[in-house]
């Protein structure tokens with residue numbers, strides 16, 4: 001059940017709505033929180049967050065805050081600068097001033113180039129020079145020049161996959177830095193360039209705009225400050241994800257003047273490259289609010305289906321997560337390059353031995369013959385050993401042709417030609433999408449022929465990642481086979497007619513008529529409780545578009561389960577941060593969300609604590625099982641338990657403290673979650689199908705012909721592996737993961 005995690009409605013957990021003092025536009029500046037009040041609020045809430053623990057702090061609408069002495073870092077000697085980066089970025093490898101020194105540095109990592117540079121230096125020394133210096137300089141400059149031109153062209157026209165696949169590094173950096181967005185300055189939104197954004201700025205982002213920095217979502221044009229983002233630039237996934245602002249900021253930070261008076265303090269983790277995690281706390285008006293990744297809009301994403309949103313810049317420029325994942329642009333060295341260096345080292349070692357032998361021979365010859373022949377006298381009173389030393393370097397110069405400097409040029413020409421052949425190869429042309437093969441660099445071509453292993457994920461890579469509800473087990477009975485309304489198994493079934501349900505999804509297919517008759521007759525309360533749980537225990541958001549309910553799920557699993565409940569008569573109608581409305585048995589009911597216990601890979605489950613209309617408190621839980629999986633289906637177990645008011649009050653206090661912790665928050669939350677998720681009653685289990693993508697067996701067969709070994713890492717269990725049997729896969733198990741050797 002990967003991907004079920006979602007933000008808890010922290011703002012709604014503090015107290016009932018009727019106790020929350022509403023924000024008023026009529027408040028004066030004197031009535032608003034002062035700087036001293038804010039500092040006192042930090043002290044009041046130090047049980048939840050300690051400033052020394054939070055490595056990063058940001059105050060809204062206060063650029064000077066980041067320039068304080070305590071936020072300065074030493075750059076060189078006594079020179080200091082703010083640890084907060086500006087929002088300008090640089091992804092290109094070279095510029096006008098650094099190209100020559102950096103390129104020469106990279107090229108002289110090649111042994112032959114370094115050898116000929118040393119040789120050129122030797123030829124400048126008159127005592128040992130046996131050839132004119134330009135005989136080495138000309139070929140060396142030629143080799144360095146050809147390689148430098150190739151590297152420069154690669155750097156100028158190579159595609160930047162982080163931001164765009166159609167523009168060069170220099171041009172793309174300039175374009176990105178000069179993109180426009182609205183920033184709140186002096187109480188008004190003004191248009192400015194991304195380059196000028198700073199940490200602590202409040203910005204407004206419009207529909208279809210890229211997000212300029214890592215931003216805390218404050219409010220949006222959608223209900224509940226919901227904001228849809230496209231994350232293809234971050235993780236390659238094309239399905240939209242949704243983010244949500246805190247309830248308190250959604251209610252109080254909608255208008256321009258409200259945003260201008262916002263002075264909350266954000267304390268969070270230091271900048272890092274983890275795209276799946278963010279831990280922070282917002283302190284505002286003497287209250288602490290837990291922040292996580294679902295409150296963050298990350299740079300590189302694009303706003304979709306949202307007219308506008310407001311946010312606070314937390315990380316800018318090189319501190320953003322996407323830039324932290326980029327790393328330094330490094331010189332890529334292939335196995336051929338390493339082999340050629342090894343060959344040069346070997347040849348050079350032989351050359352040194354040969355020249356040493358000749359130098360020793362010269363020493364003995366001069367001692368016995370040369371020093372006694374008057375016609376060989378050169379006027380220099382050098383000893384025999386010193387003359388032998390000089391002759392050693394002279395032989396190094398004379399025999400320099402043993403080291404093949406032209407070898408590198410030959411390899412570069414071959415690589416260039418090979419890249420053209422790759423681009424022209426019709427057998428690698430994909431006609432359905434008019435996509436030819438494209439060699440994006442001339443440096444790594446030969447590596448393609450040396451690949452020995454491919455490591456792959458399963459879900460969404462080998463499979464379609466389109467989930468379909470197939471079966472369920474309730475109170476020990478399995479439903480999902482082709483049956484009649486009386487429960488008789490049919491050899492050939494027909495799809496259920498859901499015309500009785502005006503909210504049914506027409507794409508949903510199910511052939512068990514007996515389950516439908518049980519639901520409509522209401523004769524089994526466990527079946528009704530089962531589908532009520534599916535309609536309430538999730539993080540799916542719902543929109544009403546022209547009378548049509550549209551579900552937005554963080555994962556395909558959740559979407560499939562909520563859609564199934566919808567077709568069986570338990571329809572998710574509306575959702576806010578603290579309330580869920582469903583239609584059950586043709587009657588609309590609203591449930592108050594008291595807490596959402598997020599999914600993670602350790603717990604392998606998520607839970608929702610709800611207050612029923614009659615006042616009862618119930619916990620619904622769904623999570624991965626360890627024994628039920630079969631028929632290649634992905635299974636989840638469904639459980640529940642009732643909680644007393646006293647027990648929930650005690651647990652809620654612990655949950656509040658754990659949710660505000662900046663250090664080890666996940667561990668603290670897991671302990672609190674584990675405490676409440678005890679003594680659950682099992683209702684049943686669900687089974688979802690995720691089919692292989694078209695062409696997967698054929699692709700793997702062709703890779704196998706090339707003697708390429710394929711390993712697939714998955715969280716599925718043995719029963720879910722049967723659809724991979726056609727891949728002739730050997731299955732290796734661990735405690736929580738399955739590794740396939742195909």
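Each residue's number is its place along the chain shown, starting with 1.
In case you wondered, yes, glycine gets a Cβ from its N, Cα and C as well.
According to TrEMBL, the region 'Disordered' annotation covers 1-36. The compositional bias 'Acidic residues' annotation in TrEMBL covers 16-36. What TrEMBL lists as domain 'P-type ATPase N-terminal' is 67-137. Here TrEMBL flags 177-243 as domain 'P-type ATPase A'. Annotated ATP binding site per TrEMBL: 457, 458, 459, 558, 599, 622, 634, 714, 715, 716, in sequence order. If you look up TrEMBL, you'll see 457 marked as active site, 4-aspartylphosphate intermediate. Positions annotated as Mg(2+) binding site by TrEMBL: 457, 459.
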Please work out the helix, strand and coil residue numbers for the domain 'P-type ATPase A' (177-243) from the DSSP assignment.
11 helix, 33 strand, 23 coil
Neighbour count, 10 Å Cβ-Cβ cut-off, for residue 634 (ATP binding site): what number do you get?
24
Return the average pLDDT for the domain 'P-type ATPase A' (177-243) as a whole number.
90
Within 10 Å of its Cβ, which one of these binding-site residues (457, 459, 599) has the largest number of other Cβ atoms?
599
I'd like the per-state residue tally for the domain 'P-type ATPase N-terminal' (67-137) from DSSP, helix first, then strand, then coil.
31 helix, 9 strand, 31 coil
